[in-house]
Amino acid sequence: MSESWTDWDHIVKVDPDKDLAPGDSFEDVCRTGTDAIEIGGTLDMTEEKMQEVIDACAKYDVPLYQEPSNPAVVVDDKALDGYLVPVVLNAGDISWAIGFHKEWVKIDDIDWDRTFTEAYIVLNPEASVAELTQADCQQTAEDVAAYAEVAEKMLGQPIVYIEYSGTFGDPEKVRAASEALEEATLFYGGGIGDYESANTMAQYADVIVVGDLLHEAGCEAVEETVEGAQDARAKATNHR
Ligand SMILES: CC(C)=CCC/C(C)=C/CC/C(C)=C/CC/C(C)=C/COP(=O)(O)OP(=O)(O)O
Ligand SMILES: O=P(O)(O)OC[C@@H](O)CO
Ligand SMILES: [Mg+2]
């Protein structure tokens with residue numbers, strides 16, 4: 001199973017360190033209408049917590065991907081459709097761009113048929129991921145477009161991920177990235193909270209990633225974002 005994200009509009013990102021909203025089950029999460037579930041977070045990840053979420057989602061037929069935040073939390077489980085491994089283009093500490101990847105390849109026998117990378121551009125300086133990777137978040141729309149082009153054309157990345165984790169970002173930067181890309185799939189994540197915000201970013205991004213909303217407001221709120229993303233993608237595809 002490769003490149004399946006080219007057909008997606010929406011991803012739910014489950015943080016194994018956070019609880020679901022009151023009243024929600026993993027069955028509800030899998031039935032939101034999302035195209036895939038990505039399991040990952042920056043802080044306090046463990047293999048055990050990752051495994052619990054995989055086990056809870058495995059019996060439903062939504063594609064399941066792990067997004068490991070370091071080599072120690074990678075779970076070897078056939079229930080996973082694959083691994084989406086971040087490569088942080090604007091990391092201040094090069095380890096997050098390529099260093100941990102090299103160490104991982106040294107210690108593990110990687111299942112390359114199921115392993116893919118996401119070229120992250122981290123843009124919210126307040127996010128844990130920005131602090132951890134010492135990302136340089138001062139990037140203009142032109143810079144973001146250039147990173148996206150480098151990711152696709154020089155680094156051959158299949159996915160470019162504009163990451164505003166925790167806050168709603170600048171749609172103009174997402175638009176700039178989308179205009180710079182020909183082949184790669186553009187993911188947007190950060191502060192998606194309702195139909196409108198999902199719809200706005202999905203005008204430009206191919207796939208909308210929803211994280212905190214799941215843990216805070218719950219599955220019903222997530223369903224609205226699925227609709228917002230799908231409506232915008234249907235329009236964007238018609239206009240092509
Ligand atoms: C080589 C391997 C297997 C792993 C390294 C992978 C890399 C480079 C990770 C760096 C970026 C990172 C930590 C990504 C994790 C996914 C992510 C951005 C989650 C969102 O996190 P936040 O919302 O900032 O954090 P919390 O919600 O945990 O506070
Ligand atoms: O938690 P939020 O702000 O929805 O962000 C989603 C995702 O991009 C985090 O990696
Ligand atoms: Mg978060």
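Including glycine, each Cβ sits where the backbone N, Cα and C put it.
Any TrEMBL annotation is an automated prediction that lacks curation.
Take the sn-glycerol 1-phosphate site that TrEMBL assigns to Lys13, Tyr161, Ile162, Glu163, Tyr164, Ser165, Gly166, Gly211, Asp212: the candidate from Gly33, Gly99, Gly191 listed for it is Gly191. In this structure, the C-alpha atom of Asp15 (Mg(2+) binding site) lies 7 angstrom from that of Gly211 (sn-glycerol 1-phosphate binding site). In this view, Asp15 (Mg(2+) binding site) is surrounded by 20 other Cβ atoms within 10 Å of its Cβ, with every protein chain counted. On its own chain, Thr42 (Mg(2+) binding site) has Ser69, Ala127, Ser128, Val129, Leu132, Ser165 as residues at least 6 apart in sequence with a Cβ closer than 8 Å to its own Cβ. Residues Lys13, Tyr161, Ile162, Glu163, Tyr164, Ser165, Gly166, Gly191, Gly211, Asp212 are recorded as binding sn-glycerol 1-phosphate; their most distant pair of Cα atoms lies 17 Å apart. Residue density at Ile162 (sn-glycerol 1-phosphate binding site): 29 other Cβ atoms are found within 10 A of its Cβ, drawing on all protein chains shown. Comparing Cβ neighbour counts within 10 Å across the binding-site residues Lys13, Gly166, Gly211, the minimum falls on Gly166.
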